[in-house]
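*Asks:* Dumping the structure here so I can ask a few things about it.
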Amino acid sequence: MAELHEVTRREAAQPVMIEGRSMIILYGSETGNAQEIATELSIMARRLHFRTAVDEMDSFKLTDLLAHQLVVFVTSTSGQGELPKNTDKFWRNLRRQKLNSTNCLAKVNFTIFGLGDSSYPKFNWAARKLRVRLLQLAAREFFQPGEGDERHDNGIDSIWVPWFQELQDTLAREYPLPDGLQPIPDDVQLPPRYTLRLATPMDLDRQMRMESEEEARALERKFQATETKSAVQSHIDHPRSREMDLEDMWERNKATFPADFARKSNAWEVQTHRRVDFLDKDNIITDHPQKYLLEPRSENQTFPPDDVLQIPNSLLAQVVRNLRVTPADHWQDVRKISLDILLDRPEDFPSCAAGSTVTIYPKNYPEDAQKLIDMMGWGPDADKPLAWGVAVGTQDSPEQLHVMRPPRLYTKKAPCTLRDLLIHNLDITAIPKRNFLRELAFFTPEENEKERLRQLSSFGPDQEFYDYTSRPRRTILEVLRDFPGVKIPLDRALDMFPFMRGRDFSIANGGSSIRKSEKDYIIRIELLVALVEYKTIFKKPREGLCSRYLKNLPEETHLRLDIKLPRIGKLLNDVHSCRRPLIAIATGTGIAPIRALIQDRARFHNHGPALLFYGCRNEKADYFFQEEWKDTPRLEVFPAFSRDPLSPSDQKALEKYENTSDMVNGAIPGLPGLQYDTGKNYVQLQIRKEAQKIGELMVRYPLVCVCGNSGRMPSSVRDALLDCLVISKIVSSKEEANHWFDNPRNLDFWQETW
């Protein structure tokens, strides 16, 4: 391994630093696809000797753009034509009114590539909006924009590959290299951006000192936020840490703790229900996954260690309950997870407004980490402390290292080992990207493996890459098992493996169920998680990384959380909005944010009436909160059970809407949206059945909310709502209904689908 390591370092070609030749690639990404394309662009630019930087948009200021020769934006579209969440700050700054007519970006040369899905009505709107705003501020487009489409036969590659190749040709032609300098060939490996090495005693001392200084700064910021320091921390030489206080409070409030007053604490009387998973996908397993495993999985796998990661501005939480809420024989495993968060002070209560999400950071299982350690031959160094750095420099000083921690690498407290990184930080079970396979070819001495890896990772008209990776959902661990000659040097681990992303889940409770009193130090949030479990085309079972983690998450586990407010802001939660009528449509675990909204509205005695249309498969299996709805005032619920036998009224409604002559005789206009739902008891049927009730609320400036799975559901629900406008005679035609529905003077619309 050491010999291969030295060969790799000698063969790595260092891009030449040319004054003024620089490019930044900024991405907006929810799932990592835009980030991967940004990485591909960076590699191409480095081979053309551009000094490059790659980061999410929110990490850059507008003024930073002026310092670079070229800027490339890559963004996906989320929600209904919105930019991803890691662009919010950048996009907000870009839209400031005071920038209008300033030509402040006149020196910026940019191009943009968007990732979208043409099945959505607002296809690639994020990239289009960003491009228009940049042009408004006088930025100059140095290359034509590209718009990738997931629905194309070859997916994003159908547009991305030719766009990428043409951009590469344009850069080589319009920004030529100095005489005598050639682009770095594809078969020569670039140096790593991030490196790992075994830590020296000096490294460890520096890491510990930096962590202590950061903790001191955080404590000082906390003190500055109050008029006076707490008596405890002001007059005790060695105050207890927050974690120690948290442990004590949780211990005191256990049912087994002898102190009676602790069990009577108001904070521990809060009990509620569930939530939504933004990575919720169809589950097609019909029998036990053990049947399909190539190697039987041990029932006693070790759960990841309870190490708390150092995530900035996060909250420390403890798992109170992890309960399956669907029957054991149901096709989908849905979990209700209750979490308690301890506040430093009652006034530190974070906003948990309806529509807020919680970010959970999953972990790999120790067994998977050990498999990778064994395959790569990292065993002797796996548990030794590490230090990290960024390799930069010129050909004159190729070994120059500037020590720097990679952004958004949230580790446990120092010392950190390779095993720690594999468990807590590196996504070793992800489906590999094209660049991962391309880089693997540099780490095997076997010519047949090199050739196969380069063949799989090459751009071409065939679909070998997708046939090998995406279609069978092959993981990184499985790829490495297919190529046993590959031995990745330890110092390349950070550069090779993707970092784990946090997963967002909707908070499923609101109002007094989160906190009964403003004096409480503990808040309770609940999640409703549909676990991602499915079989591949080879009948091999798969579990999502976060699903596997949450499925086995023990009670009393500690973890760090982020709470994010909804983009819709106070629209859902202020007293004036709560007085308005609510028309809510949810499917599956999409009921979670709707439930939080209904509970939030219940805080106000004069809240408006609400209609809830809820779609699931079976009344007995996944009709969540059925009993709770009966006791909720001013709420009417209309469930749709798509796999249960039809009730007589539903059968009658189906016959009515399927028969055109009956519709005409009944003075009901033709409803083209019905063609999608013929014969199905989906929420759309219930919406049309209650067209008159919906019409009565539509003229009262309602709030209309749609939550659940993406795909056909949102557009079909919209069609049904438009039909209600016609049926209730608010408008006379579908075309008029479209204009009426989109007019913000008539209603506010919130959609959260995934």
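Each Cβ is built from the backbone N, Cα and C atoms, and glycine gets one as well.
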*Asks:* The FAD site in TrEMBL lists R473, R503, D504, F505, S506, G544, L545, C546, S547. Which one of W160, W163, W754 belongs there according to the record?
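*Replies:* Matched candidate out of W160, W163, W754, per TrEMBL for FAD with R473, R503, D504, F505, S506, G544, L545, C546, S547: W754.
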*Asks:* Need the matching range: TrEMBL marks region 'Disordered' on one of 221-242, 639-660, and I'd like to know which.
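*Replies:* Based on what TrEMBL states, region 'Disordered' spans 221-242.
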*Asks:* Using CB atoms and a 10 A radius, I'd like the single residue among the binding-site residues R473, R643 with the highest neighbour count.
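*Replies:* Of R473, R643, the one with the most crowded Cβ is R473.
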*Asks:* What whole-number value in Å do you get for the largest C-alpha pair distance within T589, S642, R643, K680, N681, Y682, V683, Q684, the residues recorded as binding NADP(+)?
*Replies:* 20
*Asks:* If you measure every Cα to Cα pair among R473, R503, D504, F505, S506, G544, L545, C546, S547, W754, the residues listed for FAD, what is the largest value in Å?
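*Replies:* Largest Cα to Cα distance for the FAD-binding set is 26 Å.
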*Asks:* If one measures from the C-alpha of S547 (FAD binding site) to the C-alpha of Y682 (NADP(+) binding site), what distance in angstrom results, rounded to a whole number?
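*Replies:* The separation of the Cα atoms works out to 27 Å.
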*Asks:* Measuring Cα to Cα, tell me the gap between G79 (FMN binding site) and S642 (NADP(+) binding site) in whole angstrom.
*Replies:* 25
*Asks:* Check the binding-site residues S76, S547 for other C-beta atoms within 10 angstroms of each C-beta and report the one with the most.
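*Replies:* Most Cβ neighbours within 10 Å: S76.
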*Asks:* Just give the helix, strand and coil counts over the domain 'Flavodoxin-like' (23-168), going by DSSP.
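*Replies:* Here the numbers are 59 helix, 35 strand, 52 coil.
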*Asks:* Which of the binding-site residues S29, G32, S76, D117, R473 has its Cα closest in space to the Cα of N681 (NADP(+) binding site)?
*Replies:* D117
*Asks:* Using a 10 Å radius around its CB, how many other CB atoms surround F123 (FMN binding site)?
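*Replies:* Around the Cβ of F123 (FMN binding site), 18 other Cβ atoms lie within 10 Å.
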